[in-house]
């Protein structure tokens, strides 16, 4: 960008700074204001960073800001402003743009800003600029805390940030073209820091306990100083060439010499370059071309060995998302004087600063005083300086701060967190992989330091090492770490250096673990097992036994006498009977159904004492709702209750079917199965070979082979680690067949034909060993050649070596039974007969007819696929398991249909008929709620006009079903409710079946709540209702009013189930699931009705206005059998007995019940104060008697103005 293309205001501001003349900078009178204007311009730049680019093109920092910094240091306001502007101008490009842009235009701006930053770094590589910064920083640090102002602290932080920004600028390798031992710009910058004394100030900040607030800034600066260095090289500077280094260099030179000699020999065997016009063509026998004929070769015979079918072909382009990760870290050897300075800095830092600085940084990290990802600098410093300490003069005391079990745990936790985030955050997977590499290096150095402590002559150091190893080998997390890292290795995100470090760290860990096991007789380690329970989702089925009323009556006759005797025995104890399963994962509150089933099973089995004891014990555990009878129940009522339980149809759950171990790898294909994992911690004796077997899998072997492909670039130690691990798997475990893979054999062929193969003696020896084992096996098993094409697991390896079918012949009782020919014929017949039946699960039908050998659903499905009757197991997935997202067009269509039919009697029914994408009613209701088109589910209920005329009374059964039962279509909506709501509905249904109409009245509920100490919440509820009635009289409009509890006592009352039951009886609406939080007073209740509800909460009002309930008439003769009539009347008899005992039934009920019902006007409907769902269920039971029963609870007459609820 040219200077003359700058913005006019920006150009005028830069011109007002001053000018440089003869090495002296003359500032203008408005210099300070101009600097502040530039800061303000930078604050309002656009996303292309135009102001930053224009200032970089004009070289403002080189021509104006640096001279002002060095020559006008006495002008403190101007100096502070220039430092602020420099910090802003030099901030990293990644920080400016957020990330490396993918758009070409924005990426161009990113690279342009990076180019200007590299120019700034070159301008700062002078002793003069860093001298001014060092002097200023020294003067500020000399001030005590009582004399240091807030501006001084800000200036210290800005100077440290400026040094950090300058060091952070990456080097331009293409422009510099520096080689090792040559001074680069970064080396010149480090030398300027050394000459200015800035390094001494950094050491002071690191060691001072009073300056710990700058610890993270200092650690970041130090990490940037050493980012291109290797700690082993720095430790050996100035000590002459070691014998190990000389031998390594000689080996490298020998490899190069051997390859050069081989190339010369190959060139000598070739003919001259002169072309022979009579060279002719050759036919290569045994090598087929595309047309199944022998290949015709048109070149000289000396080129035949270089022939390949791929010659002339365009190489296949690898997609960008599948390309291997690139190496980002670059290591180079700096000039000698810089390396000497860095070595001395490291030695002094380790001796005086490492422990206090790392302790302060760790404290900041644990207290969350640091910024995000600052722990990466902590782990880099740990890896670098611990490696330098090992290579220089090993002194464990210098690194004692990071040599503990807590440090191992900290690094392991971060390493685990990084690879989990790499799997979840795919967009930033490369960044998480780099952090993961830093954590792995830190873990590697921790293990290397502990291993070095084993060789220390000091007994105390060796004892410390033994304690640390005992802890890390005991914990399962540290042993499983490397297995997890190998399984999660992905070459798209992890570079080759990460795999190299992982292989070397695993080799070190296994060597330490093996030596530790040998030094001890037996090693006890922690073992965590995940106990997997495969449980079918709750599938309700009918009662396990189907008996006629006559059989039930005969069974009850045999039980009645025994039950009556047991009920009258006072010594019947219930202390030893527990009606719930304490070890079950289902909460105790939700086990009432199972308790009822257990009572029924005891009655069916003829165990009268156990059934009675279970009933009484269940009554004590679940007293709410009187589902198992009231606490003061009489023996006669108890007998009637047991009879109802015996004849009731109770929901049962299907027993979970255990799957076989043969198909464990295909468990994920069954979406209807849940996997519940329970971690069990125990101790066991550790066996090294058993642990080594965990590495015998194709995923880990594939990673080792991938690294072995670059054996020429690998170090000798890396190749040794690869060969050692593969030798452990092949020789120690006897799994040579695990390495019988064609790609590995091609690599062995390349290795054996390498001219420098003598330099890889260990790899060559191992390759010959594996090839010899393969050819020995191939002589016995001809299928081994085919097995070369595939990666193998341990079971395939065993079959290859011991014979195919050896696993089936073993004594494995957990394997699935073999299908006989008769069973296969029956399976085929059943599948062909039922596969085309609509609305039927063909697998469930087959399972119901297969009685000879018990089979699982998974076994049947996989055998159908093996027989060729089905293409895939996915053809048998159960319906309704996948959630299909709504598209924008579908949402608009749903909104249009709702607006079209919202005034009709059946809104949901019309929508279901006309919607294009067919979905269940529950999904449509949920979407209507999510879009805000309706506020509650009841607005979508089908509207029915209920006419309570005398003609309706003639057919009591139909009229009652119309008045109290929900529409069957609405019941379908309940299937989509959450599990908790379904359980509540199931319990309510159970209570309705057993208890009948014996629910507590509002008066009894109020009295019970008063006895429980909830009088104050009742008064609050009464006042809220009166206040709502007053508001509706004043405003003249009605809307739902939430009941917001403001006191803790009222809030606890709103969570009380009995209090919530009272609210439902009073007509107060519960909050909609996922939409509302508080209970609400419905808008349909008028002020008069609200006052009446409030008055019903007072004791005196309840006694005066107590209504009477007529005694139900017996059923019409001839319509019911005696047993059915007895089953219907039994709950009513029990209820009447309880009411007579409580004094709630009056003689005049029978006379006034029918008259009260007939006095209801035609345009009014009878609304029970109880909740609609429970009333519908209980009303359905009452309809069996053929008469319309009026509940005793308090009722309210509500005008039916527009619609029925």
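Just so you know, glycine gets a Cβ as well, placed from its N, Cα and C.
Per Swiss-Prot, the residue annotated phosphoserine among 276, 806, 1123, 1169 is 1169. Per DSSP, the secondary structure of the region 'DNA-binding domain' (813-951) breaks down as 74 helix, 0 strand, 65 coil. When Cβ neighbours within 10 Å are tallied across all protein chains shown, the highest count among the modified residues 281, 1086, 1088 belongs to 1086. Shown for the region 'Interaction with PARP1' (999-1097): DSSP residue counts in helix, strand and coil, namely 56 helix, 5 strand, 38 coil. Rounded to the nearest whole angstrom, the C-alpha distance between residue 1086 (phosphoserine) and residue 281 (phosphoserine) is 107. Each residue contributes its Cα atom, and for residue 1088 (phosphothreonine) and residue 281 (phosphoserine) these two points are 112 Å apart.
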